[in-house]
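Novice: First the structure, which I've put down as structure tokens, then a few questions once you've had a look.
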Amino acid sequence: MPQLLRLDSSADLTGSVSRALSDAFVAAWTSRGDDHTVVVRDLHRDPLPHFGDPDLHWAPELRPADAAPDPAAVALQEELIAELIAADVLLVGAPMYNYSLPSTLKVWIDNIHVPGTTTTFGEEPTQPVAGRPAVIVSSRGAVYDAGTPTADWDHTVPPLRLVLGDALGMQVDVVTCALTLADTVPTLEPLRERAHAERAAAEEQLRELALTL
Ligand SMILES: Cc1cc2nc3c(=O)[nH]c(=O)nc-3n(C[C@H](O)[C@H](O)[C@H](O)COP(=O)(O)O)c2cc1C
């Protein structure tokens, strides 16, 4: 039973591009058969609490001797990690908020990146989701093209690549949809045609990934 874990983090519940593109991925995924299941965690509708204890960054055996994390926070972290490990494919809706991740998605990352549990810390390899696909749907209002002065302003995709790819060992694909504000921001009007083409291309790329991963 191939299982998809879908994370949403857009605060926009009506016109979100990352949600619409993730819908397209899910439609293609479920078209593969009834055995292709989906678990949805909507981090905006159902936000996780603020990450409140640095000891939770570490596997239990790596925590300081006097660590006494809140049992509810431990249970929630264990649930999030179990949900990730149960997934064959991860889909992450990642809008750009102030050049970075929505705080709702950031706290999910803070919970699941745990040396000694989801990433290797000592000699024993501990990377339970290594090799599994992670698809990042990155929506952003403007554009951050390589070779332009704003090229390195994107702090949305790099931490996701570092944590999911480098630390957890997942196979990361990034599908970017830029210029989502081209229809509403007058200064972006000259780029509208490109914006529409980019959105169509992103949707197609996601459909293809969902049918092949
Ligand atoms: C709080 C907030 C901050 C934003 N910051 C940026 C930004 O730094 N750069 C940018 O290009 N777009 C920014 N945007 C625009 C969003 O990235 C854009 O609307 C994108 O489509 C959001 O994803 P969504 O459509 O899935 O909600 C911001 C939007 C919001 C609500």
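Using the three backbone atoms N, Cα and C, a Cβ is placed for every residue, glycine included.
As annotated in TrEMBL:
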BINDING   S10, S16, V17, S18  FMN binding site
DOMAIN    4-172  domain 'Flavodoxin-like fold'
Novice: Around the FMN site formed by S10, S16, V17, S18, list the extra residues of the same chain whose Cβ is within 8 Å of the site's Cβ centroid.
Specialist: D8, D12, G15, R19, A20, L21, S22, G93, P95, V137, S139, T180
Novice: Among the binding-site residues listed here (S16, V17, S18), identify the one with the smallest other-Cβ count within 10 Å.
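Specialist: Selected from the binding-site residues S16, V17, S18 on minimum Cβ neighbours within 10 Å: S16.
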Novice: Please list, in sequence order, the residues in the chain of S10 (FMN binding site) that are at least six apart in sequence and whose C-beta is under 8 Å away from its C-beta.
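Specialist: The answer is S16, V17, S18, R19, H44, G93, P95, P102, S139.
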Novice: According to DSSP, which of helix, strand or coil covers V17 (FMN binding site)?
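Specialist: For V17 (FMN binding site) - judged by DSSP and reduced to three states - the answer is helix.
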